[in-house]
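Quick look at what TrEMBL annotates:
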type	residues	note
DOMAIN	83-118	domain 'EGF-like'
DISULFID	Cys87-Cys97	disulfide bond
DISULFID	Cys108-Cys117	disulfide bond
Amino acid sequence: MYNKVKTKLNIIFLSYIQDTDSCWPTNPCKEDTRCLPTHLNGHACLTFVTPCTASPCKHGYCNITNDGYKCTCDAGCSGGSCEITPCTASPCIHGYCKMTNDGYKCTCDAGYSGVNCEILENPCMPDPCRFGRNCIVCEGNSYRCSANLGVIC
């Protein structure tokens, strides 16, 4: 069974890319290449490549299949090349998104909180009013600037 699988993989996926014209014991290959005989009665430095060599899976693992490769995406990621992440849709309204093992986590800008940084904690902090005016918190987490303390929203 093992020999059949090994042979099948060698036939389908064994591929080399030539790096230099020739190699000999006095002219060895660079790292990550092998000196192998060519069909022209010589030797060449060759690099082994597979469909996964180019790392096509952005946020996942590449698995060789009969058709080439298939990506197994990290948790929360999707797409043929695992290119869609939990942060792709920019879920952090007032902050930035970072992928985690469980999906994503938002780091909120100053003054915002909530899972997606959607809650304005205090619209008067930091103080948006200028010229000595007072900041008054109004309904719906909005604010109003006034020079008179008795002003109501």
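Each Cβ is built from the backbone N, Cα and C atoms, and glycine gets one as well.
Restricting the average to the domain 'EGF-like' (83-118) gives a pLDDT of 93. Residues near Cys97 (disulfide bond) in space but far in sequence (CB under 8 A, at least 6 apart, same chain), listed by position: Pro86, Cys87, Ser90, Pro91, Tyr104, Lys105, Cys106. In this structure, Cys97 (disulfide bond) is part of a beta strand by DSSP.
On its own chain, Cys108 (disulfide bond) has Cys92, His94, Gly95, Gly114, Cys117 as residues at least 6 apart in sequence with a Cβ closer than 8 Å to its own Cβ.
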